[in-house]
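Shown next, in structure tokens, is the structure this report addresses.
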Amino acid sequence: MNRDEGLSIFDSEPQEAADEQKTQRVAVHPKPHEAEKTQVQPAVAAPVRVTPARAPSPGAPRPSTLAQPALPLVRRGGYDKDAVDQHLAKVAAAQSDLMTQLQQAKAQAAAMESELEQTKAMLGEAEKPTYAGLGGRAASMLRLAEDEAADVRAAAERDAADIREQAHRDGRAILAEASREAEDMRTVQLKELEDSRARVMADAEHERALAIAEAEDLRAAAKREADQLRLAAQQETQDLRTTAIREAEQARAAADREVQEARRTLAVEKERLAKEAADHHSSATAETARLVKEAEERAAKAEERARAATTQATTQRQQAQTEAEAVISRARREAQQIVTTAKTQAEAIAASGHAESERELAALRAEVDRMAKRREAITAQLGALRDVVAGFADDDS
């Protein structure tokens with residue numbers, strides 16, 4: 001709404017008052033033929049003064065057309081969106097109502113201006129009558145009424161001008177007041193926005209401080225718990241290390257004792273078996289030597305016979321070569337068989353002598369192997385315990 005449209009609203013009321021005054025002034029003038037009929041007495045009518053309605057003074061406070069609601073705030077978001085939308089809807093509705101009132105005021109002002117033009121036309125048609133045909137008293141009354149009407153018209157025009165000027169002043173005052181209200185509303189809204197921003201910043205800073213304090217508390221609690229766990233782990237590690245070392249020493253001592261005992265037993269058995277084996281070996285060796293000697297003697301005799309046969313067959317080589325070779329071959333086979341038989345018998349004798357000692361040696365070897373495996377298991381267990389202790393030491397470091 002521009003300034004001229006705003007002023008036209010306030011111009012309509014004084015214009016309407018002026019039209020009413022002019023209508024009253026027109027009614028004062030009697031027509032000539034009516035004056036002759038009624039024989040109006042020469043009484044002087046008091047001039048009619050119409051007091052124009054005064055608009056409120058520019059300095060008087062005017063109520064604001066729109067209330068300034070305190071918009072609710074939401075956490076971390078400024079104003080509530082629903083409340084802002086509702087307020088904007090109310091502002092739009094109020095603006096629509098004001099536009100409707102403005103259109104109605106414009107229509108009313110146009111109607112009043114039309115009536116004013118009609119009244120001016122009627123006044124223009126009422127020309128000054130000639131009072132030549134009237135009596136002196138009627139002429140005097142008519143002139144007096146005309147003068148009063150002129151005075152009323154002049155007063156009405158002055159009042160209309162004053163009202164129009166007052167309306168202009170009121171319009172300017174209203175515009176100034178509206179500007180001040182708009183500026184005040186803007187200032188209030190900016191202040192509310194700044195307050196909201198300050199509250200949001202204060203809330204954020206407060207929450208940040210609370211979060212920092214909570215984080216510090218959690219960090220301190222975690223550190224205390226970690227220290228307690230570390231101390232408990234160190235104590236448990238120390239206990240495990242002590243227990244492992246003690247058990248390892250006990251296992252090592254037991255293993256050493258068992259190994260020493262096994263070694264002593266093995267040495268005694270080895271000595272006994274060695275003696276028995278030496279005895280068996282001596283007898284077996286003597287028997288073997290005897291059998292070998294007999295075999296060699298038999299082989300020597302066979303070779304002697306073969307040589308004799310060979311010597312005898314030299315003269316009869318062509319006739320007896322096959323027989324000689326057969327004899328030699330048979331003698332060699334017999335000698336070889338004798339030697340083989342002697343060795344087999346000697347080995348059988350030696351084997352029969354060594355069988356018992358071998359069984360005892362096998363039992364001792366099995367016992368030694370069992371003790372060795374047990375020692376290896378104990379050593380592996382000690383190694384595992386050492387690894388565990390080393391792992392705890394690494395965790396402590």
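Easy rule for this one: first residue shown is 1, then count along the chain.
Glycine is treated like the rest: Cβ placed from N, Cα and C.
Segment annotation: TrEMBL labels coiled coil over residues 95-122 (candidates 95-122, 123-150, 151-178).
Coiled coil is the annotation TrEMBL gives to one range among 214-241, 242-269, 354-381, and that range is 354-381.
In the predicted structure, the coiled coil (95-122) carries a mean pLDDT of 75.
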